[in-house]
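**Student:** To start, I am sharing the structure in question, which I have written as structure tokens.
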Amino acid sequence: MSVAKVIVDVAASPIDATFDYQIPTHLEEVIQPGIRVIVPFGPRKIMGFVIGLADESEFEQLKFIEEIMDYTPILTQELLELSTWLQTETLCYRISALQAMLPAVFKASYDKEVWLIEEETSLPEQLNAVAQGREVFPFSELEQSNISDSEVKRYVKNQLIDIKYIVKGKNRIKKQSFVEHNVDLHILMEEAENLSGNAKKQKDILDYFIEHHEPILLKELQSLLNITKAPIDALVKKGLLKIEQKEVYRDPFEGKNNESTTPLTLTNYQKQAITPILNAIDDEQHHTFLLHGVTGSGKTEIYLQSIQRVLDKGEEAIVLVPEIALTPQMVSRFKARFGDEVAVLHSGLSQGEKYDEWRKIHRKEVRVVVGARSAIFAPFENIGIIIIDEEHEQTYKQEDYPKYHAREVAKQRAAHHNCPVVLGSATPTLESFARASKGVYHLLELTERVNEQSMPEVEIVDMRQELHQGNRSMFSQALTDQINQRLENNEQVVLMLNRRGYSTFVMCRDCGETINCNHCDISMTYHRKFNKLKCHYCSDERPMPNVCPNCESDAIRFFGTGTQKVEEALNIHFPDARVIRMDVDTTSRKGAHEKLLNQFGNHEADILLGTQMIAKGLDFKNVTLVGVIAADSMLHLPDFRASEKSFQLLTQVSGRAGRHELPGQVVVQTYTPEHYSVQLASQYDYSAFYEKEMEVRRQFQYPPYFYLALINISHDNHVAAIEASKQVATIIAQNTTGNCQLMGPTPSPMLRIKNRYRYQCMLKYKKREYVDDALKEVLNHFRKEMNQNQLQLTIDFEPYHFM
Ligand code: ADP
Ligand code: ZN
Ligand code: ZN
């Protein structure tokens with residue numbers, strides 16, 4: 001008997017196990033780990049992943065596998081094993097771990113089609129009998145034929161045919177209409193002669209095909225000759241032309257011309273930095289490197305040349321880039337170096353585009369993938385390097401289950417493949433830099449910019465002074481002057497306003513005082529309903545003061561403005577300036593983001609105003625001024641990483657100015673100019689910031705000194721939410737000893753979202769084993785309630801979101 005071990009598509013606790021199914025004889029040759037199957041499950045039929053095979057089962061009377069969904073495994077053995085690790089690491093369901101590794105189309109309902117790859121003459125008789133001259137036909141016809149499954153498998157393996165999934169109701173594989181000539185050239189010429197005088201359009205078309213013999217996209221032909229479809233149809237009807245549907249890969253980079261580049265001669269600094277990486281590649285060593293270098297120090301060139309070495313060895317490379325849709329400039333650098341070897345995977349692609357790119361990787365048509373977080377699961381089998389650019393970016397942490405961090409997955413995969421991981425950043429996370437300092441990671445530093453240009457000068461403007469001098473607008477005198485100067489010189493300005501943390505904290509506008517928790521050193525959160533300030537880490541609270549505890553001014557209030565308000569103010573203060581606003585509202589449509597950036601790049605606007613999304617990766621020649629409207633809105637998030645995030649963002653946005661010949665200037669407006677994040681960012685002093693911030697982390701027992709786990713509890717009934725969160729605390733207390741700290745339960749900073757009341761507990765610990773059992777116990781305890789969907793409870797290791 002042959003048995004398949006299957007993980008079924010049901011996410012619920014008692015079901016989170018492997019089920020044994022018997023493999024019917026006709027499928028024995030085909031079924032292997034990593035393919036999906038359809039199995040009977042209770043009264044239903046559901047999808048499942050085969051994760052292993054066995055000769056027998058300890059259970060009796062196994063049900064049979066009904067059907068297979070894939071002919072070739074869509075998950076490799078390595079990825080199957082990785083899913084176990086992911087499950088233990090994040091405490092998620094195994095099925096969620098498996099699905100996280102695949103493009104979403106594999107979750108959707110589907111149909112299958114057979115595509116012939118070879119010419120009819122080289123295909124087996126029985127296949128031609130089914131195909132009947134068609135290049136594509138429904139898979140169901142193959143199933144109904146007398147061709148066996150193992151034979152089909154052989155066809156796929158020998159590349160005679162390909163089997164493709166089609167989402168029901170959607171045309172997932174993109175086909176476009178192509179026009180080509182259907183008769184010999186001399187007939188076309190003859191017909192062109194014979195056309196009557198008023199069929200000029202038809203004549204143009206024939207002339208085109210007399211000169212060009214390749215098929216052309218219907219749309220392209222129409223716009224080229226400026227014609228409607230009618231004259232083309234007329235010629236098709238006469239049998240002179242034909243229109244055919246052909247598969248095209250959806251190319252997210254369509255229309256972008258990528259000039260190719262060759263490796264640059266490395267500077268001495270770059271050589272020093274790249275040598276250990278190249279050695280690790282050559283010696284197949286699993287090292288993690290932290291490449292620390294300011295913007296423009298030549299990190300990307302190091303990535304490119306490391307990848308080249310990997311390709312020369314015949315291996316593959318994964319490059320993670322944050323929010324890649326936002327940095328097309330970055331992607332095109334990889335395309336320019338490696339051309340068709342590159343696949344791109346990111347959230348801005350349509351489902352179909354993602355599937356196409358994934359398929360290129362799966363079929364080994366490419367050897368480099370540049371992508372956002374989930375590209376870490378690219379189904380390569382010979383990985384030679386994994387690169388994570390801007391490693392400090394939060395986007396590498398997945399907020400949904402499985403709540404994994406791509407960096408940790410990268411290290412896990414690299415260990416399997418015996419290859420290096422390179423983490424690059426101008427402002428590494430404290431966690432990474434601490435590891436590098438301890439020798440866990442190998443630190444590589446690039447201290448100079450390649451062109452030896454200095455970083456732009458940063459001017460810190462004290463907004464308290466502005467207020468005292470009677471300037472109540474949101475633009476300081478200094479920033480106003482600087483903007484006017486740029487407008488006069490016909491140069492461009494980038495203005496950043498960070499809206500996160502909007503109005504959750506209070507601040508004195510006179511002296512800049514904010515109110516922090518004495519135990520946790522994070523900003524206290526204002527709860528309007530109770531008119532109280534609350535620490536949402538430890539739940540300490542105090543009344544909202546009427547006057548500033550520091551200077552007794554009554555100008556103590558919430559803080560925050562939106563981008564729209566700033567835009568209005570810009571229009572009043574700088575009536576002649578053309579402004580582009582970029583925030584969630586103006587960029588939600590697909591492609592909008594890029595379009596706005598292109599407009600700005602083409603100098604169709606003078607000022608680019610945006611949220612933090614503009615801080616990353618942009619590179620415009622003509623930008624000579626960067627302004628930060630309110631540095632405080634990020635400094636005082638109720639988050640222990642607030643200082644670190646501010647430092648990163650200020651450093652990053654400053655790097656946007658003066659990247660080319662024109663020198664740059666940065667103006668940072670703040671009510672707390674003395675804050676070390678602001679001060680040290682303006683001096684580009686990462687190591688001083690690191691020292692200072694590590695001291696704070698040690699004192700208040702935060703990462704990297706301790707690990708954190710955040711338990712979020714929400715319920716549509718307020719009392720039930722409170723009860724459940726208390727119970728969580730009790731269970732944890734009962735199942736841990738004194739070697740971890742429990743904080744909370746406490747209301748989340750945003751107590752109520754979508755009519756659900758939200759509470760949280762936080763655990764601080766040194767070793768995962770101290771808390772693992774307790775947390776599993778919590779999950780078990782609430783399983784039933786969670787399945788009934790009233791209560792939601794999530795556990796987040798290494799959390800980044802505390803709202
Ligand atoms: P980073 O990734 O650290 O921001 P880049 O690799 O983008 O740095 O390098 C910054 C600029 O310097 C780019 O325009 C790049 O083409 C150029 N550059 C990098 N390395 C060299 C080199 N060895 N010689 C000449 N130019 C270089
Ligand atoms: Zn004050
Ligand atoms: Zn506190």
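Placement of Cβ uses the backbone N, Cα and C atoms for every residue, glycine included.
From TrEMBL, here are the annotated features:
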DOMAIN    280-446  domain 'Helicase ATP-binding'
BINDING   Cys508, Cys511, Cys548, Cys551  Zn(2+) 1 binding site
BINDING   Cys517, Cys520, Cys535, Cys538  Zn(2+) 2 binding site
DOMAIN    543-714  domain 'Helicase C-terminal'
**Student:** Which binding-site residues, if any, among Cys508, Cys511, Cys520, Cys548 have a Cβ under 6 Å from ligand 3, given in order along the chain?
**Tutor:** Cys520
**Student:** List the same-chain residues at least 6 positions away in sequence whose Cβ sits under 8 Å from the Cβ of Cys520 (Zn(2+) 2 binding site), in sequence order, or say none.
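**Tutor:** Within the chain, Cys520 (Zn(2+) 2 binding site) has Cβ neighbours under 8 Å at Cys535, Tyr537, Cys538, Asp540, Phe640, Phe700.
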**Student:** DSSP three-state call for Cys520 (Zn(2+) 2 binding site): helix, strand or coil?
**Tutor:** coil
**Student:** Neighbourhood of the Zn(2+) 2 site (Cys517, Cys520, Cys535, Cys538): other residues with Cβ within 8 Å of the Cβ centroid, in order?
**Tutor:** Asn518, His519, Asp521, Ile522, Met524, His536, Tyr537, Ser539, Asp540
**Student:** Using a 10 Å radius around each Cβ and all protein chains in view, which of these binding-site residues has the most neighbours: Cys511, Cys538, Cys548?
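**Tutor:** Comparing the binding-site residues Cys511, Cys538, Cys548, the most crowded Cβ belongs to Cys548.
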**Student:** Among all the protein chains here, how many other CB atoms are within 10 A of the CB of Cys551 (Zn(2+) 1 binding site)?
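**Tutor:** Other Cβ atoms found within 10 Å: 14.
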**Student:** Check the binding-site residues Cys508, Cys511, Cys517, Cys520, Cys551 for any whose Cβ is under 6 angstroms from an atom of ligand 2, and report them in sequence order.
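**Tutor:** Cys508, Cys511, Cys551, by Cβ distance under 6 Å.
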**Student:** What is the total of other Cβ atoms whose distance to the Cβ of Cys517 (Zn(2+) 2 binding site) is within 10 Å?
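**Tutor:** For Cys517 (Zn(2+) 2 binding site), the count of other Cβ atoms within 10 Å is 22.
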**Student:** Using an 8 Å cut-off from the Cβ centroid of Cys508, Cys511, Cys548, Cys551, can you name the remaining same-chain residues around the Zn(2+) 1 site, in sequence order?
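**Tutor:** Apart from the listed residues, the neighbours are Arg509, Asp510, Gly512, Glu513, Pro549, Asn550, Glu552, Ser553, Ala555, Ile556.
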**Student:** Relative to the Cβ of Cys508 (Zn(2+) 1 binding site), which residues of the same chain, six or more apart in sequence, are found under 8 Å away?
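**Tutor:** Spatial neighbours, sequence-distant, of Cys508 (Zn(2+) 1 binding site): Thr514, Cys548, Asn550, Cys551, Ser553, Ala555, Ile556, Tyr671.
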**Student:** Could you say whether, by DSSP, Cys508 (Zn(2+) 1 binding site) belongs to a helix, a strand or a coil region?
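**Tutor:** Looking at the DSSP assignment, Cys508 (Zn(2+) 1 binding site) belongs to a strand.
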**Student:** Please report the Cα separation of Cys511 (Zn(2+) 1 binding site) and Cys517 (Zn(2+) 2 binding site) in Å, rounded to an integer.
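**Tutor:** Computed Cα spacing between Cys511 (Zn(2+) 1 binding site) and Cys517 (Zn(2+) 2 binding site) is 19 Å.
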**Student:** Mean pLDDT, the domain 'Helicase ATP-binding' (280-446)?
**Tutor:** 92
**Student:** Going by DSSP, give the three-state secondary structure for Cys548 (Zn(2+) 1 binding site).
**Tutor:** coil
**Student:** Counting across all protein chains shown, how many other Cβ atoms sit within 10 Å of the Cβ of Cys535 (Zn(2+) 2 binding site)?
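**Tutor:** Result for Cys535 (Zn(2+) 2 binding site): 24 other Cβ atoms within 10 Å.
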